[in-house]
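Notes to accompany the following structure.
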Amino acid sequence: MFPGRSWGWALLWALLGQAVPGGCLPRGGLLFPFGAERGDAELELGDDVSSPPLELSTPLRFYGSSVGSLYVATNGIIAVNEPSKEEEYLGQFPLSFGAIAPFLADLDTTDGRGKVFYREDSSPDVLQLAADHIQRGFPETIFDPSSVVIVTWTFVAPYHVPGEVPTLEGKRNTFQAVLASSDSSSYAVFLYPEDGLQFYSAHSKNAEEKIPATVGFSQAATNYYLWIKPGSYNTIANDEESIRNLHESSNSGRKGIWVFEIGSSSNSIVPAKISYSPEFGDDEQYQEVTSKPAVLHHDSVEISPQQVPYDVPSRRGDQQHITYRIPQSASEDDLQPPHKAITTETPPREPFFNQQPELSTGKTPPQFQVQQFPQQYSQVIDVEDEDIEETGIVFRYHTDVQQTCANNRHQCSVHAVCRDYPNGYCCSCIAGYKGNGRQCVAEGSPQRVNGKVKGKIFVGSNPVPVVFENTDLHSYVVMNHGRAYTAISTIPEVLGYSLLPLASVGGIIGWMFAVEQQGYRNGFSITGGEFTRQAEVTFLGSNEKLVIKQKFSGIDEHGHLTISTEMEGKVPEIPFGASVHIEPYNELYHSSSSVITSSSTREYTVTEPERDGIAPSYTVAYQWRQTISFDECIHDDSHHAISATQQLSVDSVFVLYNRDEQILRYAMSNSIGPVSDGSADISRNPCYTGTHGCDTNAVCRPGTGNQFSCECSVGFRGDGRVCYDVDECSEQPTVCGSNAVCNNQPGTFRCECVDGYRFSDDGRTCVAVEHVINHCAMGTHNCDIPQRAQCVDVDGSSYICTCLDGFSGDGRSCVDVDECRQNRCHPDAFCYNIPGSFSCQCKAGYRGDGFQCVLGELEKTKCQREQEQALASRGSSYSQRPVPVGQFVPQCDEHGNYQPTQCHSSTGYCWCVDRNGNEIDGTRTGPGIRPPCLSTAAPPVVIGPSVRPDSIPLPPGTHLLFAQSGKIEHVPLVENSMKKTDAKALLHVPDSVVIGVAYDCMDKMVYWTEISGPSISRASLHGGEPTTIIKTDLGSPEGIAIDHLGRNVFWTDSHLDRIEVARLDGSQRRVLFNTGLVNPRAIVADSVRGNLYWTDWNRDAPKIETSYMDGTNRRILVKDDLGLPNGLTFDTYSSMLCWVDAGTKRVECMNPSQLGRRKILEGVQYPFSITSYGKNLYYTDWRRDAVIAVDRTISKENDNFQPHKRARLYGITTAFAQCPQGHNYCTVNNGGCTHLCLATPGGRSCRCPDNTVGVDCIERN
């Protein structure tokens, strides 16, 4: 990296910003001319301002559409439709109204803090300047613009949150966007002058934290009758590191200038690819270098077209999204002497599908024929090998070293041989195996294909598409019959019957393993099962079209082929219960270099269900076109001997939809051979017709006439009619070598290293595993204690120690920094030093936060004013006047907030109140009983440096986790004892009231509810910052439970009186119960049995309830002899449900499947939450401010732990070192559900989230 520029320059330019005329620039004359003297309009000053529509003389081409007017906005965007209010789009991307974003952030020009200029210009000098920039980025493009739109943001400021310390005070940004258009195309040029970007994130009114700016392009969404289709979008940069490097990097050869072709494609933006070289920083050097001829020397370095630093497109729902990675600048120390030459050469086109890094196999890259990027140009740089340094750009070496089998044997299958050729090498399968050499399978052996299917399909005239994802595809192929059986599961009935004609979805698998006539090759022999296929189906009667995209990824570690399928388009509707018949058909496959194409027109017949004894039928014609792209070895000429045109013959086609199982089935027999002239088949040999009778694990060898022989496949023995598996492990006991075991499998065997060993790089030899010791996790480091220092693991077995903020030292010994000596507080404030931090408090007679103090007393809170009014007397102190009988006086805490529990001094009644002092329904108790009220007012944050919010990694073992207001602490458990000396804070959540705590033993994550926000969050016990998963539509979330097997989270909300469920990331929310609840609090999940349990401390009718996880079978479990049931725990190992009651002062347990309760302990003080581990129960107590341990086997308290800081303790849970054994029906593949899988005893229910749009979710039991 270049060292950061001095902030002195940045501040100087910011201070001069008000005096600099519009045309002055931060250092360097990078920008197009602008300002009032150039005829620019000036955007009105303000925080959220957009211009009137700028009508264009030449329409802008944007994502393949024509745009006639633009809107310029303060927040660093040019909108193609009138933008919405900034509160609706800040912090989001893409933007529904469509926009070009050179720097999207919450910007503010109020009070003259910067200006925004804009104009459309067609003057010759500006048009030529724009053409020059575009020519640099796209050297082979001839572009003659007829108009240019120039928008310049000069010295604009970030939005400042009122009342907060202005961390970005004085920081200003200057940048420019230029949109050049001709009649047929448009380009965007983003310009970032040196020192032009002084801040990279900005506060937003939509979020508490700073949000990084976004650079990119967003197509407008399309509004349909019942849904909204999001537009495509392309993100150039959206993190601070990338934004910071915009002025240092480039994609057009000159730093700070970024060029994009924005008009030709409906779903993508095309970037320039001329990388900036630090040695050639000005225009003259640039012109000199790019004018040199394209010469490629030995020992040169070429930027691979597949390694240019941007990602190929990926699909997100309906959107196509491309992310470009900004190359990182090299440090000045890393710069090498100037390169010998920089030239350009044309790379192959870039495919739609993700490419793997290019293998040095001497094979040509796949040539995809659809959705390609326009040709771009890579850069060739000559350097000496020893001069290569890391510069953020990936290089591929061209040397005179011949690629041979000697250094590439691993690229071939273990069942293949490698052969050297004059210009490279190729792989070929050995006798008895079929394939392309990289992938080989035994001849005649049955094959399995597994994969996933997703789609978005309109059926008939229905305006709402059927959307499905993550649907399973399984196929079984009998090779010596060429018969492929394919099943696609979980296809909804509304779509299933209409997909029956699409047998070719599975037919591609039939082509792969078709029976080969002599001299012809099936798909697997040609591609090795590694290819992409795009097919277009056109239904000729209605002209409806469907596009099918499939990617085959070769053989996985289980010996199965893998496939992914995507379908999108429209199909004719076929009535429910109808059947479809497809006659045998032929299809011609035409081969050229790395590409196979085919097309055919055929028919299918639909027979509808009988009506009045008649079954109507009709025939539909449809046309198939497909392109198959693959990677072939160009050095072996033998494949050219195969006919360029082959005929695939398909018969015995069977299609079926099972509405009960929602499974779509296809089956067909396939053979590949010569083109038929329409007469009888030229060969009726049983091997080709499938009438041979050979074993399914045998290959049929054709002879003369109708003669044939059966030969068992490799790994089998027999006469060919009957074949049995060879046990290689028994016959060759030493086949796997030492330190390995042999596992026999049908037709083959597998070697596996024993525990403590792994395969070496050769993939065959087992070598000892080098045990890596994580000293930080094991606690075997010598860093200072976690309250003062942090241990950071480095490269496995080493670590470094660093002092935390507020401490100084070498990490092994850290001492507190006395910030009070640094005069950090206001002169009229007292400074109090505390370990790792400090606090400031204004002196008497002053008010403020301690950093700023002004004369005057603090304003009284609502509670203090009401208390004063209730106690005030006529002209005398209220303290000397007795309180009238019957008068209520509110109780306030030391900070002036309402105490969560309010009691009437005369009647003795108590109740809970919210933060505004309003009584919460259902909480009023009789005299002498105090309800378990929760404070919604967060404790005041200590003034000074904030405590790090990330969690501290926990050492191995089992721990108790419990909440104490604004933090979560942990106590290690050793056997059944608390190791109190090692208790520490796990996570600080300042300005929050944490109530419920739960633990996911699978991902080692702690989850918690917080009621001051309110919100639900989680953090990893391996360390790291917490994330909020739910923060909307919450009242007072309290209890929380995790189904670690079904991957769901459940919680209670005592304000909204409901119980909800969601996925662990907070998505797919669904309300389970919103009736019959008054004060729901604790909730626990029995993951193995599929049950939920929860408490409701309703004062009129307290109860403990249960249901299945899907909300069915709800019933009251306990309702008698309860007072204030607060805490609840379920012990998976003993199947015991235990609870604590602050009203009866008891700890009790029961087996939910049996009647009867057992009192474990009586006379407890004020228990709140409970958990279990081993023979012990652990509960938190509000009166004792402690964690209490109870031995449930002898009904006796045996230990307690009181944290150093006395404060009310809330939720508690057990973080198990290992998950309890067991599974439920949602454990594997989400139970086959499209969305929520909710376990029940002996089954599961598939449920949809609330507010599901469309019909893409399927509910079933």
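Each Cβ is built from the backbone N, Cα and C atoms, and glycine gets one as well.
Caution: TrEMBL annotation is automatic and unverified by curators.
Under the heading signal peptide, TrEMBL lists 1-19.
Sequence annotations record features per position, and here TrEMBL assigns domain 'NIDO' to 102-265. Looking just at the domain 'NIDO' (102-265), the mean pLDDT is 87.
TrEMBL lists 326-364 with the feature region 'Disordered'.
As annotated by TrEMBL, compositional bias 'Polar residues' applies to 353-364.
As annotated by TrEMBL, domain 'Nidogen G2 beta-barrel' applies to 445-682.
Residues 432-433, 442-446, 478-483, 515, 517-518, 669, 671, 673, 746-748 of the same chain sit 6 or more residues outside the domain 'EGF-like' (683-724) yet have a Cβ under 8 Å from a Cβ within it. Annotation comment: TrEMBL describes 683-724 (among others) as domain 'EGF-like'.
Annotation comment: TrEMBL describes 725-767 (among others) as domain 'EGF-like'.
Look at TrEMBL and you will find 772-815 (among others) tagged as domain 'EGF-like'.
If you look up TrEMBL, you'll see 816-852 (among others) marked as domain 'EGF-like'.
According to TrEMBL, the domain 'Thyroglobulin type-1' annotation covers 860-933.
What TrEMBL records for Cys903-Cys910 is disulfide bond. Taking Cβ-Cβ distances under 8 Å and a sequence separation of 6 or more, the neighbours of Cys903 (disulfide bond) in its chain are Gln891, Tyr909, Cys910, Trp911, Arg930.
Over all protein chains present, the Cβ of Cys910 (disulfide bond) has 19 other Cβ atoms lying within 10 Å.
If one looks beyond the domain 'EGF-like' (725-767) by at least 6 residues along the same chain, the residues whose Cβ comes under 8 Å of a Cβ in the stretch are 410, 442, 445, 559, 697, 713-717. Residue counts for the domain 'EGF-like' (816-852) under DSSP, helix first, then strand, then coil, are 4 helix, 16 strand, 17 coil. The residues of the domain 'EGF-like' (725-767), classed with DSSP into helix (H, G, I), strand (E, B) and coil, number 4 helix, 18 strand, 21 coil. Taken through DSSP, the domain 'Thyroglobulin type-1' (860-933) splits into 13 helix, 11 strand, 50 coil. Shown for the domain 'EGF-like' (683-724): DSSP residue counts in helix, strand and coil, namely 4 helix, 15 strand, 23 coil. Secondary structure by DSSP for the domain 'EGF-like' (772-815): 4 helix, 17 strand, 23 coil.
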